[in-house]
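Student: I'd like to ask some things about the structure below.
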């Protein structure tokens, strides 16, 4: 197959940052994606509907002329989040979800939840109203190995929360383990999972073998090969509970290439080329549209996009920049470690 026409995709987990970084990266998403769930972990974080409204205006102002893109706003859950504000923001159409960051789990998560019981009033209201909860599914206690954080989170936090609030709709974001895939499949009600582009391609060897490679370091960290294969199987399965959330997360190179580098991989610019490669490799190009364009909208109660894009397979590898320049500084682009032949020719 040399051409593939799919509905215009959406990204159900995206970091745009703010200021000069926002202005430097947004075009790589808005060029091909119609909508994206925008992560709220700014400094300071997006904790109220008013915060979300002003951040949304900054995003809209940064979208290049001619690009049609809708940012879908989220709130950063804290132990003091106001249930009334969440409900009002959701009912107004501004707020699409609330994000749970366990404190210390990832970039700018220090304001996150340390005691889930203290967030129960807002979680109970969300269950009543139908507001989705997006979770960064890792525990952060020092006694848990970093490669086990997701599995332990499922057992000690997610499963008890779902039993306590069975009506709460939960997105387990950036699933990285077979444990996560299996848990979603075994619990069909009010639970879904997003999968990143890079976790379909790299395992932990990419970070550690032959020297430490900071541009493959992300959180949740890439796991063993068995987990990568489980993610691939889930992504290509057509199962409506799994959909694309790139977790594209730009950091300037000096903050990655240092003694204590930031977690995050920038994939917005070449995600669709990478995904077409993966799905072709798995003999599943006919299911790429479900993963990128259909399953996510169905989960979030939105219609799929009417517009389409066309992917074409070239005879020669497709070029993409090794870095992009932003007002904040240079950002290294994800290198999948294989040539890419698929490119978007219409959007």
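Note: Cβ is positioned from N, Cα and C throughout, glycine not excepted.
Pulled the feature table from Swiss-Prot, pasting it below:
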{"type": "BINDING", "residues": "13, 15, 99, 247", "note": "Zn(2+) 1 binding site"}
{"type": "BINDING", "residues": "15, 16, 17, 41, 136, 219, 251, 263", "note": "substrate binding site"}
{"type": "BINDING", "residues": "99, 136, 174", "note": "Zn(2+) 2 binding site"}
{"type": "MOD_RES", "residues": "99", "note": "N6-carboxylysine"}
{"type": "ACT_SITE", "residues": "247", "note": "active site"}
Student: For a quick check of packing: other C-beta atoms within 10 Å of the C-beta of residue 251 (substrate binding site), how many?
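Tutor: Result for residue 251 (substrate binding site): 25 neighbouring Cβ atoms inside 10 Å.
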Student: Within 10 angstroms of the C-beta of residue 219 (substrate binding site), what count of other C-beta atoms is obtained when all protein chains are considered?
Tutor: 20
Student: Can you give me the Cα-Cα distance between residue 219 (substrate binding site) and residue 247 (Zn(2+) 1 binding site) in Å, rounded to a whole number?
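Tutor: If we compare the Cα positions of residue 219 (substrate binding site) and residue 247 (Zn(2+) 1 binding site), the gap is 10 Å.
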Student: Determine which residues of the same chain, besides 13, 15, 99, 247, have their CB within 8 A of the center of the CB atoms at the recorded Zn(2+) 1 site, and list them by sequence.
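Tutor: The answer, listed by sequence position, is 14, 37, 39, 41, 134, 173, 174, 245, 249.
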Student: Around residue 263 (substrate binding site), how many other CB atoms lie within 10 A of its CB?
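Tutor: There are 16 such Cβ atoms around residue 263 (substrate binding site).
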Student: Which binding-site residues from the set 41, 136, 174, 251, 263 come within 10 angstroms of residue 13 (Zn(2+) 1 binding site), judged by C-alpha positions?
Tutor: 174
Student: With residue 263 (substrate binding site) as the reference Cα, tell me which of the binding-site residues 99, 174, 247 is the closest one.
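Tutor: Closest by Cα: 247.
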Student: When you put residue 174 (Zn(2+) 2 binding site) at the centre and draw a 10 Å sphere around its Cα, which of the binding-site residues 17, 99, 247 have their Cα inside it?
Tutor: 247
Student: In whole Å, how far is residue 99 (Zn(2+) 1 binding site) from residue 251 (substrate binding site) when you measure between their Cα atoms?
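Tutor: Spelling it out, the Cα of residue 251 (substrate binding site) and the Cα of residue 99 (Zn(2+) 1 binding site) are 21 Å apart.
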Student: Taking the Cβ of residue 15 (Zn(2+) 1 binding site) as centre, how many other Cβ atoms lie within 10 Å?
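Tutor: The Cβ of residue 15 (Zn(2+) 1 binding site) has 24 Cβ neighbours within 10 Å.
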Student: With every protein chain in view, how many other Cβ atoms are within 10 Å of the Cβ of residue 174 (Zn(2+) 2 binding site)?
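Tutor: Taking every protein chain into account, the count is 28.
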Student: Distance between residue 17 (substrate binding site) and residue 247 (Zn(2+) 1 binding site) at the Cα atoms, whole Å?
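Tutor: Counting only the Cα atoms, the answer is 12 Å.
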